[in-house]
Each structure stands twice: as C-alpha cells, then as structure tokens.
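Among the features that TrEMBL reports, transmembrane segment is placed at 20-39, 45-61, 73-97, 103-123, 135-154, 225-242.
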C-alpha cells in the first residue's frame with residue numbers, strides 16, 4: 001500500500017488521470033534507475049533521481065503555499081519534466097527528434113510565464129485597494145519566464161562543466177568570427193567555408209571533425225532563449241487580456257493559473 005501511495009503521490013485534488021500519469025512516470029523512472037545502477041552509470045542515475053525529486057514539487061508547493069494547482073497544469077509540468085530528463089537526456093530524444101529540444105524550451109517559456117502570472121495575479125487579488133494593471137502583470141510574467149530560461153541555461157552549463165554532459169548541444173558550423181585568430185587587438189578574423197577541423201590532444205590523438213567546425217553550445221543556448229522568449233510572449237499576451245477582461249474567450253488561461261486553496 002505504501003508503494004502505491006508513493007507511486008501515485010500528487011497534489012490533494014489531482015484527478016485519477018493525473019495520479020495514473022504519476023504512477024506511470026515513476027515506474028518508468030524507477031526501472032531506468034535500476035538499469036543505470038546495474039551499468040554503473042552515475043551521471044544517468046543522478047538525472048533519474050533528480051526527476052523523481054522534481055515530481056514531488058507540485059505537491060510540496062501546493063501544501064506549503066496553500067494553493068490549488070489545476071489538473072492540466074500539473075499534468076503538463078510532470079510531463080515536461082519526464083520529457084526533458086527521461087526521454088530527452090536519457091533516451092536521447094534530443095538526438096532523434098531535432099524539434100524536441102526546441103518544443104520543450106518553448107513550453108518552458110509558456111509555463112514559466114504562467115507561474116509568474118499566477119504569483120503576481122494572486123498577489124494582486126489580495127492587495128485590497130491597490131490594484132496592479134494588466135500590463136504590469138503581463139510584463140512581470142514575461143520577465144519571470146525569461147529569468148527562468150536564463151537559469152535553465154546556467155543549469156545546463158553547470159552540468160556540462162561538472163558532470164561532463166552535453167546539455168548545451170554542439171553543432172557543426174561552417175564559419176567562425178574570432179579575435180583569437182589574429183595577433184592584432186580588436187580585429188576580428190573571419191573564416192568561412194570550413195571543410196574540416198582537426199583536434200590534436202596532448203596524448204597525440206587526432207580527432208577530425210568533417211564538414212565544418214564544432215560550436216560548443218552557443219548556438220543551442222541562443223536558440224533555446226529565443227524560443228523561450230516566444231513562449232513567454234505568447235502566454236503574457238493572453239494573460240494580459242485575461243486579467244483585463246476575464247472574457248470567456250481567454251478562459252483556457254485558467255487551466256494554467258493556480259488559485260488560493262478554499
């Protein structure tokens with residue numbers, strides 16, 4: 001019984017469907033944890049354990065702050081975690097499906113804006129005579145989302161540096177602009193039509209990169225921040241109209257906005 005309770009642990013008002021999703025995701029994660037442990041892959045085990053910890057966050061936040069998280073929002077949050085760690089990192093969906101990383105970062109921008117919107121919206125509801133304008137709420141949501149996006153990239157960079165992962169994905173480029181390739185200060189060297197690059201290590205090993213030069217994550221980082229921007233703008237615009245009119249036309253926003261516990 002305790003095992004079932006652990007597998008299905010969720011927010012207090014989660015539907016049976018959401019509880020089922022929790023059970024499914026946790027079973028898959030535990031299975032992968034056992035598999036990675038058997039192969040002695042410490043970094044991968046850390047990612048699985050982190051995933052299981054992240055699954056606990058909705059319930060912790062709901063109980064700590066006495067709020068109610070909508071079913072759809074909770075489902076999207078845990079599916080986002082599962083898709084980025086278990087599927088994306090461990091199952092290499094990032095490699096198999098080029099749009100996977102882009103889609104998740106766009107969704108992250110949308111969700112983070114929703115969290116920011118919920119926070120400031122609840123604050124606005126409890127401020128009595130002081131009312132925040134819809135444009136202020138929307139801008140705050142947008143800024144919150146972009147901050148989360150930047151923090152995510154910090155996390156990816158830290159993992160790449162300390163855990164030897166490749167979360168900031170490399171890609172092959174055919175041109176480079178750099179001041180390091182010239183002896184003159186503040187002078188940029190432009191190199192284009194790069195056909196191959198050879199990496200020579202201190203132990204006399206050569207690694208040949210065909211068709212260009214290896215960009216070590218800069219393009220991926222900027223692309224991630226750009227699509228995060230798109231997701232943040234999208235939610236902030238609809239959040240603005242929702243907070244200014246509460247029209248039924250924007251009713252779907254309620255599915256991503258937490259409310260005070262009754």
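All positions are counted from 1 along the displayed chain.
Placement of Cβ uses the backbone N, Cα and C atoms for every residue, glycine included.
Where the annotation comes from TrEMBL, it is an automatic prediction and has not been curated.
The largest share of C-beta pairs under 8 angstroms with the transmembrane segment (225-242) comes from 103-123, of the ranges 20-39, 73-97, 103-123, 135-154. Distant neighbours of the transmembrane segment (45-61): 9-12, 22, 25-26, 29-30, 32-33, 36-37, 67, 69, 74, 77-78, 81-82, 85-86, 89-90, 163; these residues of the same chain sit at least 6 beyond its ends, with a Cβ under 8 Å from one of its Cβ atoms.
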